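Here's what TrEMBL has on this protein:
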BINDING   295, 307-311, 346, 349-356, 447-449  FAD binding site
DOMAIN    51-189  domain 'Photolyase/cryptochrome alpha/beta'
SITE      381  site 'Electron transfer via tryptophanyl radical'
SITE      434  site 'Electron transfer via tryptophanyl radical'
SITE      457  site 'Electron transfer via tryptophanyl radical'
């Protein structure tokens, strides 16, 4: 017997696959819970059903708070139709989107953890390498669905333009073959398209977005609405599906063709960011228990361990924003604002994550190498390869900037304060196109994430939504003395300056006699800050007709 369609149940009211936002405030958890419960009710009277249910994992490598997996297992349990899982290794797509080798490595390590977690639910994981079969992602999903006799394919949506096109194509192919499709929103606490002005338009100012977001979340208790825990398979897979899973069950541990990671960096990444849901939740608990109360001050001090270090786990879907908000509220006496200042500040930072995803959906041009503020596309950026190399290699002559870039190149991760300082230095001091830096970050960060990375870079360059005013230009020396007053961060990452004391650690060129400076083997500043500031302000004003 063919199962009734779940299309009316499974779609959360966030953007449709063609990018159009549905303007209703509905949460993913509410929809996922509805889908899980209603699917079970629909199927409960049908008895055992043939075939399988297929869950396609993407940037959601977890068991908990996973609406697609929850809905699939609920429906499957009601029909005795087993669930089987799928993950696609698509090196071509990853390279095309500037994925860093260290992030690919992190994904694969978490994929292995996911496989074990699924096995505990008696769910097999199929891993297909797109490079090996000559098909694209959509065609491969359809091929797998055919091979395992999937009657419904479940997945959680992604918001980038190319990913939405891919998912739309996948849905079209599957439905043409008579396979049902169920997809959900899991990346935001509030669905894109649900946090709107009184006029029904998307917010372009974060503070106003935040206040409406908080109102909706608190009123509807969105932070507490988690989809039901997934149910284990109670029956075995059909023989054909078992054979297919047996043939495609290996999780790769290394990749070739541009995503190779040398062993030293791989080892460091494993130590700094161990894989798995349990690790992510342990970090969250440790942060909220031991560090969050001082977050408002410690977050700007890169020499201290004052941040949550959860960004890689969030970007790869090992933990969700809703899980973070829910836990933070419990720690802050159920207060979004007020309570402990550090906790309130961290909650605000998580809301920024939602904000940038809403912008990505409502203004898809930011996914297409475009500035949010179209008038800033007239800025005559420079394309100086030597200056860019000095910046990317940590040779600008500004120790704080260089320390940040060397940390990134060494660890594949950089403290958020340094992300702002180095990004603004490239765009406003060196006057280089911010898109060059945005791509460099994506190609090196373990937590590379288009919405956050693009939003951050455009904020620093003065081209983005609710960005820093164009005339706000960080002085790298002032940032250094403010955020690394003792120079400990600089000493770690710029060892040629490790023995310097006092002001010299921040400004060796300006504080030391010339002969003593030359002995350091450290470059002189690549640009004078006052000159750079005046150059940027003049060019920006001319470009956007402020002169």
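Even glycines carry a Cβ here, placed using N, Cα and C.
The structure, with features from TrEMBL marked on it.
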residue: 295; record: FAD binding site; Cβ within 10 Å: 23
residue: 309; record: FAD binding site; Cβ within 10 Å: 19
residue: 346; record: FAD binding site; Cβ within 10 Å: 27
residue: 351; record: FAD binding site; Cβ within 10 Å: 23
residue: 354; record: FAD binding site; Cβ within 10 Å: 24
residue: 381; record: site 'Electron transfer via tryptophanyl radical'; Cβ within 10 Å: 17
residue: 434; record: site 'Electron transfer via tryptophanyl radical'; Cβ within 10 Å: 25
residue: 447; record: FAD binding site; Cβ within 10 Å: 23
residue: 457; record: site 'Electron transfer via tryptophanyl radical'; Cβ within 10 Å: 26
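Separation of the C-alpha atoms of residue 447 (FAD binding site) and residue 381 (site 'Electron transfer via tryptophanyl radical'): 27 Å, rounded to the nearest whole number.
According to its DSSP assignment, residue 309 (FAD binding site) is coil. In the three-state DSSP scheme, residue 381 (site 'Electron transfer via tryptophanyl radical') is classed as coil. DSSP gives residue 447 (FAD binding site) a coil state; it is part of no helix or strand. Taking the C-alpha atom of residue 354 (FAD binding site) as reference, the shortest distance to any of the recorded sites 381, 434, 457 belongs to 457. Restricting the recorded positions 295, 309, 346, 351, 457 to those with a CA within 10 Å of the CA of residue 434 (site 'Electron transfer via tryptophanyl radical') leaves 457, listed by sequence position.
Spacing of residue 457 (site 'Electron transfer via tryptophanyl radical') relative to residue 295 (FAD binding site) is 23 Å (Cα to Cα, whole number).
On the 0 to 100 pLDDT scale, the model's mean across the domain 'Photolyase/cryptochrome alpha/beta' (51-189) is 96. Separation of the C-alpha atoms of residue 381 (site 'Electron transfer via tryptophanyl radical') and residue 351 (FAD binding site): 31 Å, rounded to the nearest whole number.
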